[in-house]
Each structure stands twice: as structure tokens, then as C-alpha cells.
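Some notes on the structure that comes next.
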Amino acid sequence: MGQGDESERIVINVGGTRHQTYRSTLRTLPGTRLAWLAEPDAHSHFDYDPRADEFFFDRHPGVFAHILNYYRTGKLHCPADVCGPLYEEELAFWGIDETDVEPCCWMTYRQHRDAEEALDSFGGAPLDNSADDADADGPGDSGDGEDELEMTKRLALSDSPDGRPGGFWRRWQPRIWALFEDPYSSRYARYVAFASLFFILVSITTFCLETHERFNPIVNKTEIENVRNGTQVRYYREAETEAFLTYIEGVCVVWFTFEFLMRVIFCPNKVEFIKNSLNIIDFVAILPFYLEVGLSGLSSKAAKDVLGFLRVVRFVRILRIFKLTRHFVGLRVLGHTLRASTNEFLLLIIFLALGVLIFATMIYYAERIGAQPNDPSASEHTHFKNIPIGFWWAVVTMTTLGYGDMYPQTWSGMLVGALCALAGVLTIAMPVPVIVNNFGMYYSLAMAKQKLPKKKKKHIPRPPQLGSPNYCKSVVNSPHHSTQSDTCPLAQEEILEINRAGRKPLRGMSI
């Protein structure tokens, strides 16, 4: 039978657009939905119009044109004017494996999935800005029970494994948690966020002022020491921080402690809470203050040693600046950008390490050319006494800082220095655009999620019922073997899960 035979032609109406092809074309991909149309009993299993002699599918006509071309040419391309999830659903419906997408279109196809993963990573970002109208009844009031459950899942990833029974806990636990965790959940949550931001800024300001000599006057102190035959008085001078700064820091720590305890108590998932790096920073920044206050009244040598150590580790208080990431989207975007650009940073470090090693060696030997004949070390006239010293100069030069503490003094060394500076500019410039693009992508996604209106009711189409045109066949008289039984076709949702998991289903699977 030739391809030009009228009986070999088949008409497929997809969303009102008629497509004509040959049955032999549809047979090129066995086990798919279109391949079943080429079988003799297809009229009884699909929506077939005998008067128009066509099969009808209520699907996207534009995407189907690309899928049909895949049967004709063997190359699957992704349309640029179709959203990625829609194209993914269409591939699953027609039984096409996503890994068949051509390499030229793979990045376009994957873009939507990367965007979804990025949006999920901003779990603490607000989903709507209309909470002012819904929070008049109480703190963290986000609507009915479904809204509270959605808020809890969005902020805490799961329900509490140790949730307490009773209506009070079930009603107020997600509200109090949102009050301290999500500044955009309600008006009262914004008040808490402003208070937290105020104490963070005050604490950091106090930390900086404590290092100024104006607030560290020198005072004379005496200490009675026990000696072998009695006691003796020892006089010494010591810098002592102004008391009002300590009181201010104490007030800030009281607030941070209250905030931390409330978040611990009302957290739906204690394990996830403990694993969170920001929560670890909160605890580490609070603990030294209480240890210092508790040991300040002791006079033993061990207590004084511990106090001295705690004064040294006061710098951990500056880590509270990272608490601002809960309140500013831009800081969260920066954190996600740094994590997403790990490969680029590693590449930059490798390039710099190679350049530093090469140019430190070159400058060392280049400077030795101008050595005096009576100089046995050949290094009295230059700063570059050895190659390790040249590492510092190479780093400063390649990063275009140029402190000027070390510089070449011979014409050959100057030539190496010029090459080092040019190489540094080119090396740093290569990965920077990728990092900037990542920041722009994450920032736009964060802004999109922040302004995304809350969906009150999501449209979910009815699944295909047995006997409907979109329901796949229960019995397939196909000569092609299948890994599944004909009475258990692979659902469209399962195809989506397989594609997202990166597993490649066999071509013979029933769809």
C-alpha cells in the first residue's frame, strides 16, 4: 500500500485545527497515543466523527503541530511562545518522552522547571500583599482554615510531628508562627518585624560603639591576692566598657531571646528549625551574653579565663546582621545567587590560583635579571625575595587592588606586572556576567512571587473517565511489546513524575 493511498491518510482535529498525515507516519513512535490512531480499532476508542472522517482531541493545537512534526522529522523542538509547564503536560498526554527534546531547545524547555525550583526556594517570600484586609480579627489572621494550613505548609514545610491536641493550639499555632516568621503574613507580623529590625540595628550599633575608646575609659582597679604568708593588694589599670552600653545590649538580648523562644515553641517542625542556619546564628549570638553575665560574679581563675574568651568571641554578635534576610527580599536573593553560582566561584578561584602561581614564579625570576654581580642572593634590589612572597603581589595585582607595598623595579618585572594585571582583568570578567544573570533571575522571580495574588479557587480539570475520548485504551492490539499490562496504562501524572525525576520511560509504555 503506498503512502498516497486515500485510506492511508488520517485527519486529526486538535482544538479546532485540522491536521492531515499518514498512518505510517504515526507508527514511527510505537506505544504513543498517536500511534494507536493508526490501528484498525482506533475508531471505537477515540472521539471519531464518521461524517468528517476525523479524530478530535480537545488539546492545544499549536503544541500538537510541533509534536506531529516530531513524527515526521524525528526531531522534537520546543515552541518559544508556549509556557514550559503547558508543553510538559502536552508531551505527557501524547506519550512523548521529554528527553527526546533536541539539544538546541533543551534549555528553553528546562527554563520553566528551573524557575519553579527557584520560586520554591523563596518559601518565606510573601504570596500576596492583601493581608491587611484579612488580619483585622487577630494577629496572623490569614483567612479560613485552608488559608492557615497553606500558610503553615509554606512557612514550615510540614505539620508538626508533635502537635498538641485541642482547638486552641490548632488555631493559634500557625498564626503565632507566621507572626514571627513571615513579616508579610499580617499587619501584626509587620509590627513584630519592625521591632526585630530595630533591635538588630541597635545591637549592631552598640557592638561597634563598644570598640571606640570614648566608651572604653581606663579605670584603676585593685585586687587582693592570696600569697604564701598572707595577702597582698595588686593595682592595675583596665579598659572598661560604659555600663549603659551593656544595659542596652541586655535589653536587645532579652528581645532576641523572647523571639527565639516563641519561634521554637510554635514551630511546626522542630527538626527543620534546628537545621536552619539562621536559627543557629540566633542561638550562637545570644548564648555568650548569658555566659558572660553568669560568670562575671566569679573570681576564680577559670572563670576569668572563660570571661576573657567570651570577650574575644563577642564578634559573633555581628552575625545578627544575617537576621535581616527574613525581612529583605534582596538579601535572600543574594544568598540564593551565591549558592547558585558556586560553580562559577570555584572556576574563578581555580583561574586565580593558576594565575597567581604562574605570575609569582615569573616575577621572581624576572626581578633576578637586574641583580648586581656581587649579590649572591640576587634579591637585595627587589621586594621579591622568594616565590611565596610573590603570591601576595600576584593576588593584589590580578584583583586590580594594587596596594603598592610590593612592586617590580626592573624592566622585565614591569613587563610581567603588566601581563599579570591584564590577565587578572580578563579572568575576573569571565564568570561575573553569569553571576549577575543569576542575581537578575532570582530577583525577578522573588518580585514575581511577592506580587503574585493569592488564588482563592484553582481550576482543576476532571480526569478522563472510562469510555471518554481522552481516556486511553484498556486493550491495545499492538505488535509492539510493553513493560506494563494493557489493563494498567501509565497515567499522565505518572509520566510527569517520571520526567521530573529524570527517569526515562520506555517507548513501549502505555500512556
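Here the Cβ of each residue, glycine as well, is placed from N, Cα and C on the backbone.
Note that this is a predicted model, so its numbers are computed, not measured.
Remark: His77 (Zn(2+) binding site) has His66, Asn69, Tyr70, Val101, Glu102, Cys104, Cys105 as non-local neighbours, by Cβ distance under 8 Å and separation of at least 6 in sequence. The Zn(2+) binding site annotation in Swiss-Prot covers His77, Cys83, Cys104, Cys105.
Swiss-Prot lists Thr400, Leu401, Gly402, Tyr403 with the feature K(+) binding site, giving experimental evidence as the kind of evidence. With a cut-off of 8 Å between CB atoms and residues at least 6 apart in sequence, the same chain places Val396 near Gly402 (K(+) binding site), listed in sequence order.
Annotation comment: Swiss-Prot describes Asn220 (among others) as N-linked glycosylation site. Long-range Cβ neighbours of Asn220 (N-linked glycosylation site) (same chain, at least 6 residues apart, Cβ-Cβ under 8 Å): Tyr235, Tyr236, Arg237.
Swiss-Prot lists Asn229 (among others) with the feature N-linked glycosylation site. Classification of Asn229 (N-linked glycosylation site) by DSSP places it in coil, neither helical nor stranded. Counting every protein chain shown, the number of other Cβ atoms lying within 10 Å of the Cβ of Asn229 (N-linked glycosylation site) is 6.
Annotation comment: Swiss-Prot describes Ser44 (among others) as phosphoserine, evidence class similarity to another entry. The local packing around Ser44 (phosphoserine), expressed as other Cβ atoms within 10 Å of its Cβ over all shown chains, amounts to 8.
Sequence annotations record features per position, and here Swiss-Prot assigns phosphoserine to Ser130 (among others) based on similarity to another entry.
If you look up Swiss-Prot, you'll see Ser142 (among others) marked as phosphoserine.
What Swiss-Prot lists as phosphoserine is Ser158 (among others).
Under the heading phosphoserine, Swiss-Prot lists Ser160 (among others), citing similarity to another entry as support.
Annotated phosphoserine per Swiss-Prot: Ser474 (among others), in sequence order.
If you look up Swiss-Prot, you'll see 1-190 (among others) marked as topological domain 'Cytoplasmic'.
The annotation topological domain 'Cytoplasmic' is assigned in Swiss-Prot to 268-276 (among others) on the grounds of sequence analysis.
Residues or ranges marked as topological domain 'Cytoplasmic' in Swiss-Prot (evidence: sequence analysis): 332-344 (among others). In the topological domain 'Cytoplasmic' (332-344), helix, strand and coil residues by DSSP number 12 helix, 0 strand, 1 coil.
According to Swiss-Prot, the topological domain 'Cytoplasmic' annotation covers 437-511 (among others).
Positions annotated as transmembrane segment by Swiss-Prot, on the basis of sequence analysis: 191-209 (among others).
Here the transmembrane segment (248-267) has long-range neighbours at 156, 160, 173, 176-177, 180-181, 192, 195-196, 199, 202-203, 206-207, 273, 279, 282-283, 285-286, 289-290, 293, 320, meaning same-chain residues at least 6 beyond its ends whose C-beta is under 8 angstroms from one of its own. The transmembrane segment feature in Swiss-Prot is assigned to 248-267 (among others).
Excluding the listed site residues Thr400, Leu401, Gly402, Tyr403, the same chain places Val396, Thr397, Thr399, Gly404 with Cβ atoms within 8 Å of the centre of the K(+) site Cβ atoms. Here the transmembrane segment (345-366) has long-range neighbours at 338, 384, 386-388, 390-391, 393-395, 397-399, 408, 410, 412-413, 415-417, 419-420, 423-424, 427-428, 430-431, 435, meaning same-chain residues at least 6 beyond its ends whose C-beta is under 8 angstroms from one of its own. Here the candidates are the recorded positions Ser44, Cys83, Asn229. The one whose C-alpha lies nearest to that of Tyr403 (K(+) binding site) is Cys83.
Ranking the binding-site residues Cys83, Thr400, Leu401 by the distance of their Cα atoms from the Cα of Ser44 (phosphoserine) places Cys83 first. Within its own chain, Cys83 (Zn(2+) binding site) has His112 as residues 6 or more apart in sequence whose C-beta sits under 8 angstroms from its own.
Cα of Thr400 (K(+) binding site) to Cα of Asn229 (N-linked glycosylation site): a distance of 65 Å.
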